[in-house]
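Peer 1: As listed in TrEMBL for this protein:
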- A:PRO2: active site, schiff-base intermediate with DNA (ACT_SITE)
- A:GLU3: active site, proton donor (ACT_SITE)
- A:LYS60: active site, proton donor (ACT_SITE)
- A:ARG262: active site, proton donor (ACT_SITE)
- A:ARG112: DNA binding site (BINDING)
- A:2-115: domain 'Formamidopyrimidine-DNA glycosylase catalytic' (DOMAIN)
- A:238-272: domain 'FPG-type' (DOMAIN)
Amino acid sequence: MPELPEVETVKRGLNRLAQGIQVRDVQVLWPAIIQAPAGVDDFIQRMPGQVLEYVDRRGKYLLFYWTEDLWISHLRMEGKYLLPNSEEPVDKYSHVILHLSDGRDLRYRDVRKFGRIKLYPKDQADQAIADLNLGPEPGDLQLSDLASAFAKTQRVVKACLLDQSIVAGLGNIYVDEVLFAAKIHPERLAQSLSHVELSRLVQAIQQIISQAVAKGGTTVRTYTNALGENGHYQEDLKVYGKAGQACPRCHTPIEKIKLAQRGTHFCPYCQRREVND
DNA sequence: GATATCGCCTGAAGGC
DNA sequence: TGCCTTCAGGCGATAT
């Protein structure tokens, strides 16, 4: 499932493969992918003729800067962008198709139809991005950001790290990995973390996200980047998807519980319920 | 206002 | 083999 490192990899692939593409016409095969403020008809009318200037990223969102408009695109679970030749058959999972002037298509493909694309006129871009209400990127995260957010909530630390308004870009896989690296139990109340634990947490977030970006993200289930290539960070996962296997630090079996409505993996020995400085 | 839960979706996997 | 149920999960909407 695309989290920050996977979305960053998609962004880089699109900038390499799709910068300068011009839209000829548009097909929307599953209207729910296109979300307000633009309706589907408006979307189909506005896109022809537009040229893709570049693609940026904020948290898990892709930002497509077209000549006139901005797309804010979220891949959710399994969304991906592909650039096949227009003659290639369209499979049943391709829901938004831009026919391009160079004979290719830009296709949004999403088995589960969870992803969303929003279109805004460029003069509304800054406000639209601000309205996403995202916290700092991991690379910009300060200990004080977490300390102040955690101090005013009764939630457990796992739920807080999944909250995109506290830190942008983490999803279920990386939150489990980060908490393992920082030796923090996912059910700890966020406000109970010590200064030392917060410091380890910030360090773990930054280190793991930057390593995962360097490896092109994590491929579990069906994620591939815009080139259809796999990421390689799954080889470095320590706890996610490892229930019952030995902890790489202490060999205690990794446990799996349900927390914040997510499958949650942790080592019950390394990640204690009490403060661990 | 803060927090928890539901619904969206479909394919894979497991049980019978 | 075939049918049914459960699971995976990000986020907006809705409920508490």
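In case you wondered, yes, glycine gets a Cβ from its N, Cα and C as well.
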Peer 1: At the Cα level, what's the spacing in Å between A:GLU3 (active site, proton donor) and A:ARG262 (active site, proton donor), rounded?
Peer 2: 15
Peer 1: With every protein chain in view, what's the tally of Cβ atoms within 10 Å of the Cβ of A:ARG112 (DNA binding site), excluding that atom itself?
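Peer 2: For A:ARG112 (DNA binding site), the 10 Å Cβ neighbour count is 11.
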Peer 1: Comparing the active-site residues A:LYS60, A:ARG262, which residue's C-beta has the most other C-beta atoms within 10 angstroms in this structure?
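Peer 2: When each Cβ's neighbours within 10 Å are tallied, A:LYS60 tops the list.
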Peer 1: By DSSP assignment, list the helix, strand and coil residue numbers for the domain 'Formamidopyrimidine-DNA glycosylase catalytic' (A:2-115), in that order.
Peer 2: 24 helix, 46 strand, 44 coil
Peer 1: If I take the Cα of A:LYS60 (active site, proton donor) as reference, which of the recorded positions A:PRO2, A:ARG112, A:ARG262 has the closest Cα?
Peer 2: A:PRO2
Peer 1: Do you know offhand how many angstrom separate the residue listed as 'DNA binding site' and A:ARG262 (active site, proton donor) by C-alpha?
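Peer 2: On Cα coordinates alone, these residues lie 18 Å apart.
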Peer 1: Do you know offhand how many angstrom separate A:PRO2 (active site, schiff-base intermediate with DNA) and A:ARG262 (active site, proton donor) by C-alpha?
Peer 2: 15
Peer 1: Going along the chain, which residues at least six beyond the ends of the domain 'FPG-type' (A:238-272) come within the CB cut-off of under 8 Å?
Peer 2: 156, 158-159, 162, 172-173, 176-177, 179-181, 183-187, 220
Peer 1: Restricting attention to the domain 'Formamidopyrimidine-DNA glycosylase catalytic' (A:2-115), give the mean pLDDT.
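Peer 2: Across the domain 'Formamidopyrimidine-DNA glycosylase catalytic' (A:2-115), the average pLDDT comes out at 94.
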Peer 1: How many other Cβ atoms sit within 10 Å of the Cβ of A:GLU3 (active site, proton donor)?
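Peer 2: Neighbour count, Cβ to Cβ under the 10 Å cut-off: 23.
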